[in-house]
Amino acid sequence: MKKTLQDEIEAILRKRIMVLDGGMGTMIQRYKLSEEHFQGQEFKDHSRPLKGNNDILSITQPDIIYQIHKEYLLAGADIIETNTFSSTSIAQADYGLEHLAYRMNKCSADVARKAAEEITLQTGVKRFVAGALGPTNKTLSVSPSVERPDYRNITFDELVDAYQEQAKGLLDGRVDILLIETIFDTANAKAALFAIQNLFEENYAPPRPIFISGTIVDKSGRTLSGQTGEAFVTSVSHSDPLCIGLNCSLGAAEMRPFIETIGKCTTAYVLCYPNAGLPNTFGDYDETPSTMATHLKDFAVDGLVNIVGGCCGSTPDHIREIAEAVKKCKPRVPPASVFEGHMLLSGLEPFRIGPYTNFVNIGERCNVAGSRKFAKLIMAGNYEEALSIAKAQVEMGAQVLDINMDDGMLDGPSAMTRFCNSIASEPDIAKVPLCIDSSNFAVIEAGLKCCQGKCIVNSISLKEGEGDFLEKARKIKKFGAAVVVMAFDEEGQATETDVKVNVCTRAYHLLVDKVGFNPNDIIFDPNILTIGTGMEEHNLYAINFIHATRVIKETLPGVRISGGLSNLSFSFRGMEAIREAMHGVFLYHAIKFGMDMGIVNAGNLPVYDAIHKDLLQLCEDLIWNKDSEATEKLLRYAQTHGTGGKKVIQTDEWRNGSIEERLEYALVKGIEKHIVEDTEEARLNGEKYPRPLNIIEGPLMNGMKVVGDLFGAGKMFLPQVIKSARVMKKAVGHLIPFMEKEREEARLINGSVEEEDPYQGTIVLATVKGDVHDIGKNIVGVVLACNNFRVIDLGVMTPCDKILQAALDHKADIIGLSGLITPSLDEMIFVAKEMERLAIKIPLLIGGATTSRTHTAVKIAPRYSAPVIHVLDASKSVVVCSQLLDENLRDDYFEEILEEYEDIRQDHYESLKERKYVPLSQARKHGFHIDWLSEPHPVKPTFIGTQVFEDYNLQKLVDYIDWKPFFDVWQLRGKYPNRGFPKIFNDKAVGEEARKVYNDAQNMLNILISQKKLQARGVVGFWPAQSVQDDIHLYAEGVVPQAAEPIATFYGLRQQAEKDSSSTDPYHCLSDFIAPLHSGVCDYLGLFAVACFGVEELSKTYEDDGDDYSSIMVKALGDRLAEAFAEELHERVRRELWAYSRSEQLGVPDLRRLRYEGIRPAPGYPSQPDHTEKLTMWRLASIEQATGIRLTESLAMAPASAVSGLYFSNVKAKYFAVGKISKDQTEDYALRKNMPVAEVEKWLGPILGYDTD
């Protein structure tokens, strides 16, 4: 018999470790290809840019791809991957090339085949080509819309079609292997496997070996769609891959534990091709070839791998060293079997059912035929509340969820799809496998197409004959599901023991012998039928099931037995206590005889021994048919003892606790409802709490200590802490009048009264002079107050003398300074100097978005001899303050900080010596150059001058809100892959709290908009503009720029940090994107300023009411609305007001990804770090007079919820960071701006590449 490719490759894998190639994209980047290279001759007139579409290079630059393949092969790669990572019609649609998908794959395979055959001939060592199928840019498991968790922008069938087209091109190009790689969503991979199987069934025999490679996105060990490594393997192993493993996302060192997991749960060979380490701050990969090779050699020595290679950042040099490192290592020996005798299922997590697994509860309540509540919710389209039923089933112990949508009034496939998709958005539910239950096979298929895990299908039978049975079974196997087979054949439902056994035996052999089903994936349901009906022929139904179960388990190895338990007691509808007892007794016996699982109401099964003895005996008699009057006796029992109903859960049970327990519970849970009456109850207990202060120092502070401990341990999140603080304030607010009365009485008696301080310490907080941003500071204040610190919050724009005087007046233990804009850094230095001069030797904390440990260590700490500490966020503030005020820890902590900051300073000054800068003249010479005469002429705006927008419609802005920064305010940060919005809702740690805060935000937004609490105002302006070197001159309308004086000038800063010797990247300046004065091309520049008014006032109202949560919420939403205003207005500028991109049709996600033409950089940000450029904007457009947005002395905008910037329309304009500059540019810039060099250095401090001290 002729050897297949699989035989050939497997023979090599048994002998040695094979080597895969490295990063294709990494190598392509080295060629620094232009748009013209990507287009080639064929696509030079293509309507969309193609740069970045690496896969098209197999058509337009095949010689480059061929050369890269050769480099990897000569470096020692046994297997090269085709350049087809994004060669599906789905991914290519972004470039308008979806019609080329087949050709792209065929060409890529041809190029790789040519290289492999040439090197095989040259070296005498057989080389192989793996056809790469990437994950596409869409996902079946995650909704792109937070408002619609059930929505998907791609279907399983569409993915199958796309993958089938791709695989066909690869197979026609003669690839040896099909490699489904970088799998972040297992559902997508299952669609690829389905497509490949379609081709193998049609006309591509013999099948090619399949390699499968997933992607674990971080140290949590899960894919982007949430699956663990073992669950992923379980979900795709039905395809019988030759190799399975991991690639991308992680470096080798980080990937090791997950490769070990993969190896323990598969009989396939294991492949591993990690990135060259983790990306650095610039997104590049730094791990050297020798380091990467050392890590992978360790894998090999420990017997973990069969194939190794590289992904992102890896090069032929990496592959050469890896090949050499593993050359003499023995390959991993795959185990003959894993989890022998187990049924393997998966949701987001694996679920193994083995010989010693306890009875498996399949939750029954998500069934429109079995739960009236569930049916009502589904009929009403209330899928969100229907999910709560599923979640409750899991919480009550369901290990699998049965989903059934069989109702004549429902569109079954649609309802099943919608509900399964909704489940995928809830990790607490999606962690368990699903049992897709329907009598309509189209509904079953709809459910299977939504599930990334390995499901159970419930059910198929021989009712329609063998042909129908085999067809459905083959399709189920192709989906990778386990199957429930009913004891039902062409003659009807089996009721007798021998008939049940015969039907199941026949089905077993058809499944195992003809379809190739793993016996461990077969579940038989021998029919639990209703007893106690009064019909004699039904009396043996329970006994027949139990006896059939025993025989089936003894004669059909590997199978499991299940059944629908509620059928048993259907005669006793409405008598819940009777039904539950019957179920408990039946299961007690059926499990002993071999029943493995059942569809039950999880959590409602009584323990056999806990059933009342009289009821127990009656159930025993009925089930075992011991008493012909058992049914009547049970009915009489029900009449005597009551039918039994659902238990009522006491939701306010905590109200029965002691007053101390109630106060603590209210604080921890943030419940305001009873806090005043409970506080008053404590106050009236004069024996226990003789003074109101005793209540604050006692139960209230104890409760807040619990809150602080939970927050510090990561078990409470910031929004919850702030709600706790609101409750605390309300309690203290109730006690204050009584405390004041007590003090007044003491003063009358004693003439004076000594003030008592119950706090851990006093801290003065302030946003420094010239800065109006205070959300972060307010949050720190709330968190510190929750941890028994007395917080003196001085607000925003606080002068140094006021800060220091407050510290003296309140006998502060610590001062905390906050700031958002770069000029605030200088004010912080000034405060530190003044503290040193006035000998106020208390710790100084530094925080805020613009601050850093480096700036604190280098610029602030040397000015002050007491502790100066940079605090990252609110969660760190408590620890820092506690250590600074603890006499036992303070000195050691300060010493540690001193040493750490000294190291930072040394590193900083060493880095200044190492940094190299090109002279300004050279940077200008190598700036970004545009051929203005060959480019389309700039579009003239629809008006010159300004247009003011009064009372802008806030409702229009809501869809443009970017929610990620909103969650950052609340310090709710999901772990990868759940960092962004709406993925954060899927995060196991913060997802639930994030959703609560988001819902609160939605409610607040409705109030703000409907009640007109806030007002949005803005201004836009356009002027003729020309560049002169690094500056942009603006002119009045109608003049000839070459013969006129500019009405304003915006000064630019140019990149100077020396670039890599091989780099052709230009040294950017914003002026590069405006036509030069001498070009003869008329160009234009725009500007804008927008703000939300009323935020501070409304926030202050909430704060005065003791509602810190709403106070911070208003500010956070004010900032988001201002940013949304800027986004929405920029869209209008592009399409209407400037109209240089009239046909733009972009969704909000595209706007977020900056897929539009033009940019809107802001002074004070990386592309122009100088805040003083705002002065020109405000003067030119009369911004303060037009809108009310003013500039502070530090050039922060007031109100704080404000955004401003410039508009550039050129299609080649892009955002960049100026980075550090050298002194020659500072001096030149000062000369052009007619400012003293020292003044310019003050404003540009953070970007100076030299020390000014």
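Note: Cβ is positioned from N, Cα and C throughout, glycine not excepted.
Per Swiss-Prot, domain 'Hcy-binding' is recorded for 6-326.
Packing around CYS248 (Zn(2+) binding site) is summarised by its Cβ count: 21 other Cβ atoms lie within 10 angstroms of its Cβ, all protein chains included. As annotated by Swiss-Prot, Zn(2+) binding site applies to CYS248, CYS311, CYS312, with the evidence given as sequence analysis.
According to Swiss-Prot, the feature domain 'Pterin-binding' maps to 359-620.
If you look up Swiss-Prot, you'll see GLY370, SER371, ARG372, ASP437, ASN458, ASP525, ASN567, ARG573, ARG579 marked as (6S)-5,6,7,8-tetrahydrofolate binding site, on the strength of similarity to another entry. Proximity of ASN458 ((6S)-5,6,7,8-tetrahydrofolate binding site) to non-local residues of its own chain (separation of 6 or more, Cβ distance below 8 Å) is seen for ASP402, CYS435, ILE436, ASP437, SER438, VAL484, ASP525, ILE599, given in sequence order.
Annotation source Swiss-Prot lists domain 'B12-binding N-terminal' at 650-747, citing sequence analysis. According to DSSP, the secondary structure content of the domain 'B12-binding N-terminal' (650-747) in residues is 76 helix, 0 strand, 22 coil.
Marked as methylcob(III)alamin binding site by Swiss-Prot: GLU697, GLY770, ASP771, VAL772, HIS773, ASP774, SER818, THR822, ALA874. With a 10 A radius on its CB, GLU697 (methylcob(III)alamin binding site) counts 16 other CB atoms from all the protein chains.
Swiss-Prot lists 760-895 with the feature domain 'B12-binding'. Along the domain 'B12-binding' (760-895), the predicted structure has mean pLDDT 87.
The domain 'AdoMet activation' annotation in Swiss-Prot covers 911-1253 and is backed by sequence analysis.
Other Cβ atoms within 10 Å of the Cβ of ASP962 (S-adenosyl-L-methionine binding site) number 15 in total over all chains. If you look up Swiss-Prot, you'll see ASP962, ARG1160, TYR1215, PHE1216 marked as S-adenosyl-L-methionine binding site.
For THR1252 (phosphothreonine), the count of additional Cβ atoms within 10 Å of its Cβ stands at 13 [all protein chains shown]. THR1252 (phosphothreonine) falls within neither a helix nor a strand when secondary structure is assigned with DSSP, and so counts as coil. The feature phosphothreonine is assigned by Swiss-Prot to THR1252.
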Residue pair CYS311 (Zn(2+) binding site), ARG579 ((6S)-5,6,7,8-tetrahydrofolate binding site) - Cα distance, angstrom, rounded: 58
Among TYR1215, PHE1216, THR1252, which are recorded as recorded positions, the nearest neighbour of SER818 (methylcob(III)alamin binding site) by Cα: THR1252
Recorded stretches the domain 'B12-binding N-terminal' (650-747) and the domain 'B12-binding' (760-895) touching, at least 3 CB pairs under 8 Å: yes
Cα proximity to ARG1160 (S-adenosyl-L-methionine binding site), best match among recorded positions CYS312, ASP771, THR1252: ASP771
Residues flanking the Zn(2+) site, with Cβ no more than 8 Å from the Cβ centroid of CYS248, CYS311, CYS312 and excluding those residues themselves: GLY23, THR182, ASN247, SER249, TYR273, PRO274, ASN275, GLY310, GLY313, SER314
The one of TYR1215, PHE1216 whose CB sees the fewest other CB atoms within 10 Å, among these binding-site residues: TYR1215
Nonlocal neighbours by CB distance (under 8 Å) for ASP771 (methylcob(III)alamin binding site), same chain, sequence gap 6 or more: VAL796, MET797, SER818, GLY819, LEU820, ILE821, PRO823, SER824, GLU827, THR1192, SER1194, ALA1196
Cα separation, CYS312 (Zn(2+) binding site) to PHE1216 (S-adenosyl-L-methionine binding site) (Å, whole number): 24
Neighbour count (Cβ, 10 Å) for ARG579 ((6S)-5,6,7,8-tetrahydrofolate binding site): 22
Taking residues ASP962, ARG1160, TYR1215, PHE1216, which bind S-adenosyl-L-methionine in the record, the widest Cα spacing (Å, whole number): 21
Number of Cβ atoms other than its own within 10 Å, given for GLY370 ((6S)-5,6,7,8-tetrahydrofolate binding site): 18
Cα-Cα distance maximum in Å, computed over every pair in GLY370, SER371, ARG372, ASP437, ASN458, ASP525, ASN567, ARG573, ARG579 that the record assigns to (6S)-5,6,7,8-tetrahydrofolate: 24
